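Novice: Here it is, the structure, as structure tokens.
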């Protein structure tokens, strides 16, 4: 397969390294911040992999969708516009797969967290909270992966109703608040932990990224999967869709 990479930052370089090491894939083009993005620049590629920033992704979206080439993006920060993006994807008859984290390990963590959240839901003695650690260069907080994990908890445990990113200046958290704490420290690639606590027990579920290679490999695998579905099955997809098909 031939890939066009949008974004030439750390993740873009990591994805390029994964593709370069492959015997079956190649890079058609790498588009950096100075590139003029039109539908034509993507034609001849089998898939687009985008790792940019929120504003660049939204600015380039129409051209990527109009190209007819399936798009995989790991750019975060636009969750509040998900419905609008889904409408654009549908109107263009395009295929787009979005994930805040393409690491297969993280997605195993999220599935484990979903089951744990469901299991503790009937038992009021168990409380749950999230914490994420990333390097000091990461701009958004909580991370997209932490928000995905928090939404997994909310969907599986009705005792939690809302995400709280900061502690209140006075008073304390309500019982149905889900705290998502963020730490920015050194060069940490990414660590996400869920803490389940009661008077008698503590359960900790955690995933630590050792390098960016897991994110990059997962993005390439997801792009291969998406290209295999397009154009017969266009639409907006997630890593859950990818994994569900693999796992049956």
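Glycine is no exception: its Cβ is also placed from the backbone N, Cα and C atoms.
Sharing the features that Swiss-Prot gives for it:
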type	residues	note
BINDING	32, 74, 75, 76, 99, 100, 101, 102	NAD(+) binding site
ACT_SITE	134	active site, proton donor/acceptor
BINDING	135, 144, 145	(S)-2,3,4,5-tetrahydrodipicolinate binding site
ACT_SITE	138	active site, proton donor
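Please go over these features one by one and say how buried each is and what sits next to it.
Specialist: Other Cβ atoms within 10 Å of the Cβ of residue 102 (NAD(+) binding site), summed over all protein chains shown, number 26. Under the three-state DSSP scheme, residue 102 (NAD(+) binding site) falls in the coil class.
Of all the Cβ atoms in the protein chains shown, 25 others lie within 10 Å of the Cβ of residue 134 (active site, proton donor/acceptor). Annotation note: residue 134 (active site, proton donor/acceptor) sits in a strand segment as assigned by DSSP.
Secondary structure at residue 145 ((S)-2,3,4,5-tetrahydrodipicolinate binding site), as computed by DSSP, is helix.
Around the Cβ of residue 138 (active site, proton donor), the same chain contributes 184, each under 8 angstroms and 6 or more positions distant in sequence.
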Novice: Using Cβ atoms only, which residues of the same chain lie under 8 Å from residue 99 (NAD(+) binding site) while being at least 6 residues apart in sequence?
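Specialist: Sequence-distant Cβ neighbours: 74, 107, 218, 219, 222, 238, 239.
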Novice: Sorry to bug you, but what's the C-alpha spacing from residue 100 (NAD(+) binding site) to residue 145 ((S)-2,3,4,5-tetrahydrodipicolinate binding site), rounded to the closest Å?
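Specialist: Here the two Cα atoms lie 5 Å apart.
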Novice: Within 10 Å of residue 101 (NAD(+) binding site) (Cα to Cα), which of the recorded positions 134, 135, 144 do you find?
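Specialist: Checking Cα-Cα distances against residue 101 (NAD(+) binding site), the recorded positions within 10 Å turn out to be 144.
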Novice: Assuming the binding residues for NAD(+) are exactly those in the record, 32, 74, 75, 76, 99, 100, 101, 102, what is the maximum CA-CA distance in angstrom, rounded?
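Specialist: In whole numbers, the farthest two Cα atoms are 21 Å apart.
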